[in-house]
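Residues or ranges marked as signal peptide by TrEMBL: A:1-27. Residues or ranges marked as domain 'Cytochrome c' by TrEMBL: A:86-171. Sequence annotations record features per position, and here TrEMBL assigns heme c 1 binding site to A:Cys101, A:Cys104, A:His105, A:Cys138. Per TrEMBL, the feature heme c 2 binding site maps to A:Cys201, A:Cys204, A:His205, A:Cys246. For A:Arg242, the entry in TrEMBL reads substrate binding site. Residues annotated as active site, cysteine persulfide intermediate in TrEMBL: A:Cys246.
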Amino acid sequence: MKNTFKLKTAFACVVAAGLASSAFADADTDKLVINGEIDIITTTVAPAHLENVDTIYSGWHFRSDETQAFQMDDFDNPGMIGVEKASENWDTVDGSEGKSCASCHGEAESMAGVRAVYPKYNEEKGKVTTLAMEVNNCRTERMGAEKWKYTGGTMTDMVALISSVSRGMPVNVAIDGPAQSTWEQGKELYYARTGQLELSCANCHEDSYGMMIRADHLSQGQINGFPTYRLKNTKLNSAHARFKGCVRDTRAETYNPGSDEFIALELYVASRGNGLSVEGPSVRN
Amino acid sequence: MKILAISAALTAVLATGVAADTVVPSDVVYEDGAVAMSLSGKAGDAAAGEKIMNKGAGNCIACHQITSLDYLAFQGEIGPALDGAGDRWSEAELRGIVANAKVMFEGTMMPSFYRTEGFYRLGDAYTGKAHPGNPEPLLTAQQVEDVVAYLTTLTE
């Protein structure tokens, strides 16, 4: 038993002092090296803008040894099947312009570093965009092809491919300049207590990480590992699909994947992980 | 059985489906976070309360550990262990905490189990869709009483 408050008064003091900032951070201390060569920063000092957290941890630290092991070698990582599928799409001509991704970008490796800085302010669009939006932008504007569904398998596989070539690079999304107002909107959403259970992202992932909520070991809800292959639904999952699930679990009306709210939330949550390595496609339960 | 059913029907306000003595969530009176009177006008059933700790809208052990329920796997650690809660708190205080813990503990993560107003982006249970108007409380008046009856048995 972790908590045994013997005295009502002692308990009231703890409450008054604010339980909010004390989390039992039992992230494990394992090290993640992928394929014996890509060092992943899974624990590091929190970015300056984080007020209530000193150290940031990849969700990898909160998973069992068995789940962690899947990610150490690409042959064992079921998320790499999606990456392979996306590699085919990368080279596949589609749409009225007779182009594939490769026609403009060459090898997928040319995307190294991209995942680390997204979501990012897009001058032309005048708004913060996500990687998935950029992929669809290329498809509709440059290839003359149909959009892919925002959280669909084809899109999520492609985002996984683009992530995979940035693995090991530290996440470094910009939160100032033209991105600042979006970032602030995301921060507000992060702390908003939604639904009949009145829980915010922060309640679970800032105040309570390291603790069990029923059978789940709460992580910091970082997205450096996205897209993430979940053993639970045996597919790659996008960050917005995960956000939707977490909001739904507060008995709330969710936002839609691809909505302005989730774009802002993605920017904000990504910024909480500035300094952790890009890790996607990761494996979680 | 039949007699019971008839007398229950007599004391119930059939139009609303709520028993006459039931205090609706918006009428509950909190004094220092505690609620003196039974919400259903009836005594609670501790055995029924014990089940709610594990299941359905209660699912209290998502966040709390209870040693005497150690046959239930995966007890959470978000809130304090409830062992001895019946010593630490009076029945009225326990009722207040279960009905709306936010009165006793400002800003607490513990959901309000007998409250129907004031939610932000209220959803229709776990569908992710909007819920028009006010929801049913997470627990009925009688369920709150059952849970309170159970908690009073948690003495050390």
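From the backbone N, Cα and C atoms, a Cβ is placed for every residue, glycine too.
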| Under the DSSP assignment, what numbers of helix, strand and coil residues are found in the domain 'Cytochrome c' (A:86-171)? | 43 helix, 9 strand, 34 coil
| query | What other residues of this chain sit with their CB within 8 A of the center of the CB atoms of A:Cys201, A:Cys204, A:His205, A:Cys246, the recorded heme c 2 site? | reply | A:Leu199, A:Ser200, A:Ala202, A:Asn203, A:Glu206, A:Leu218, A:Gly221
| task | Specify the nearest of the binding-site residues A:Cys201, A:Arg242, A:Cys246 to A:Cys138 (heme c 1 binding site), where nearness means the distance between Cα atoms. | result | A:Arg242
| request: Work out how many Å separate A:Arg242 (substrate binding site) and A:Cys101 (heme c 1 binding site) at their Cα atoms, rounded off. | output: 27
| field | Pairwise Cα distance maximum in Å, heme c 1-binding residues per record: A:Cys101, A:Cys104, A:His105, A:Cys138 | value | 11
| said: Can you check which residue among the binding-site residues A:Cys101, A:Cys104, A:Cys138, A:Cys204 has the largest number of Cβ atoms within 10 Å of its own? | reply: A:Cys101
| Going along the chain, which residues six or more apart from A:His205 (heme c 2 binding site) have their CB under 8 A from its CB? | A:Leu218, A:Ser219, A:Gln220, A:Gly221
| task | Rank the binding-site residues A:His105, A:Arg242 by the number of other Cβ atoms within 10 Å of each Cβ and report the first-ranked residue. | result | A:Arg242
| message | Looking at the domain 'Cytochrome c' (A:86-171) alone, can you tell me the average pLDDT? | response | 98
| What is the one among the binding-site residues A:Cys201, A:Cys246 whose Cβ has the most other Cβ atoms less than or equal to 10 Å away? | A:Cys201
| Residues A:Cys201, A:Cys204, A:His205, A:Cys246 binding heme c 2 per the record - widest CA separation, whole Å | 11
| Cα-to-Cα gap, A:His105 (heme c 1 binding site) vs A:Cys246 (heme c 2 binding site), nearest whole Å | 35
| query | Cα of A:Cys201 (heme c 2 binding site) to Cα of A:Cys104 (heme c 1 binding site): how many Å, rounded? | reply | 39
